[in-house]
Amino acid sequence: SEELSFSFTKFKTDQKNLILQRDALITPTGKLQLTTVENGKPAAYSLGRALYSTPIHIWDKSTGDEASFATFFSFVISDAPNPSTAATDGLAFFLAPADTQPQSAGGYLGLFEKDSSYNSSNQIVAVEFDTYYNSAWDPQTNPHIGIDVNTIKSKKVSSWGFKNGNVATVLITYQPSSKSLVASLVYPSGQTSDKTSYIISANVDLKATVPEWVRIGFSATTGQTDNYIETHDILSWSFKSKLPATKN
């Protein structure tokens, strides 16, 4: 079988095997900062993405087999300290063609081009952690976790009790036998008595959606003015995929 795995417990400023796009950078403290922060304040109209440099063999044309995968990461989103700001827009984990480039900012999360955001030829699967209600395509549950298949309008959505500034841990798995993509988010700190875990799943046919080889990574965006901003920091990330051996 073909296996690939990696683990970043933190990130190095000269991190090999990561492709940083647009505003993404690694901070001196080892965080993968996807969107710009200036003087401690998130910047408006920021878009940043980070991809694992090695493409992943996610399905095999000769056998028709798909890979199973699991990815685990932790992140923090912090709204600006000013109470008049709204947390905007969110971050996503995604799989896309190997030559994937940043797309439209704002509510499109850097994943979709404004004019083709409903086009099934996008070849992208994403799990979004969306803090802002875009009335044109989002359900009214805000903030929410969504599973996106080729379009910014999520195939499946679950409400999410976003906790400003708290570390969230996420596990995303894909099982080819059931074509089941499952994402869970937990706030492990137990600082509040509120609900702290969320789960969402959807049937996704990876073979019908993305190319045989994909790149995986994160994308995040902020809003268009200083009233619609937040930070997007990935603290750790691990991934493992397994594709069954080629049939002779």
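Backbone N, Cα and C define each Cβ position, glycine as well.
Per Swiss-Prot, Mn(2+) is bound by Glu128, Asp130, His144; the candidate from Asp115, Asp138 named for the same site is Asp138. For the recorded Mn(2+) site, residues Glu128, Asp130, Asp138, His144 set the reference point as the centre of their Cβ atoms, and the other residues of that chain within 8 Å of it by Cβ are Gly90, Phe129, Thr131, Tyr132, Tyr133, Asn134, Pro139, Asn142, Pro143, Ile145, Gly146, Ser154, Val157. Recorded residues Asp130 (Mn(2+) binding site) and Asn119 (N-linked glycosylation site) have their alpha carbons 20 Å apart, per Cα-Cα distance. In this structure the C-alpha atoms belonging to His144 (Mn(2+) binding site) and Asn119 (N-linked glycosylation site) are separated by 22 Å.
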